[in-house]
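**Q** Structure in structure tokens, see below.
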Amino acid sequence: MKVSATLLCLLLIAVAFSSHVLAQPDAVNSPVTCCYTFTNKTISVKRLMSYRRINSTKCPKEAVIFMTKLAKGICADPKQKWVQDAIANLDKKMQTPKTLTSYSTTQEHTTNLSSTRTPSTTTSL
């Protein structure tokens, strides 16, 4: 009887522990990207497409990861002036309106249901 009571207690403890592990939020188990070393070279802004800041408490260093036009991630020190200038330049590019192609709809004279589309270039304001 003592053996079955002990086994029952162990089983209950195992079930309680496993449900606690399964109830953890997904973010706890999600992978974190960290930079352990930084580039020693200044990267031309012309080669850069985007960036993201890394400031997770799980990472040893705060960093910026630049994505190049060739889809390569490069870790950089956010305290360096060229990194701050590149971030400002990329932010400015994102705010600058670009030329967009839109389509104007012209109704055909024979029927009201059909339409033809002709591309026209416009600039957003």
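Residue numbering: from 1, along the chain as shown.
Every residue, even glycine, has its Cβ placed from backbone N, Cα and C.
Pulled these features from Swiss-Prot for this protein:
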- 97-109: compositional bias 'Polar residues' (COMPBIAS)
- 110-125: compositional bias 'Low complexity' (COMPBIAS)
- CYS34-CYS59: disulfide bond (DISULFID)
- CYS35-CYS75: disulfide bond (DISULFID)
- ASN40: N-linked glycosylation site (CARBOHYD)
- ASN55: N-linked glycosylation site (CARBOHYD)
- ASN112: N-linked glycosylation site (CARBOHYD)
- GLN24: pyrrolidone carboxylic acid (MOD_RES)
- 97-125: region 'Disordered' (REGION)
- 1-23: signal peptide (SIGNAL)
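Any idea what these are sitting next to in the structure?
**A** In sequence order, ILE54, SER56, LYS58, CYS59, PRO60, LYS61, ALA63 are the residues near CYS34 (disulfide bond), counting only same-chain partners six or more apart with C-beta under 8 A.
The local packing around CYS35 (disulfide bond), expressed as other Cβ atoms within 10 Å of its Cβ over all shown chains, amounts to 20. DSSP assigns CYS35 (disulfide bond) to coil in the three-state reduction, placing it in neither a helix nor a strand.
The local packing around ASN40 (N-linked glycosylation site), expressed as other Cβ atoms within 10 Å of its Cβ over all shown chains, amounts to 7.
Taking all protein chains in view, 10 other C-beta atoms sit within 10 angstroms of the C-beta of ASN55 (N-linked glycosylation site).
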**Q** Would you identify which of the disulfide-bonded residues CYS59, CYS75 has the most other C-beta atoms lying within 10 angstroms of its C-beta?
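**A** The largest 10 Å Cβ neighbour count belongs to CYS75.
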**Q** Could you state the whole-number distance in Å separating the C-alpha atoms of CYS75 (disulfide bond) and ASN40 (N-linked glycosylation site)?
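**A** If we compare the Cα positions of CYS75 (disulfide bond) and ASN40 (N-linked glycosylation site), the gap is 10 Å.
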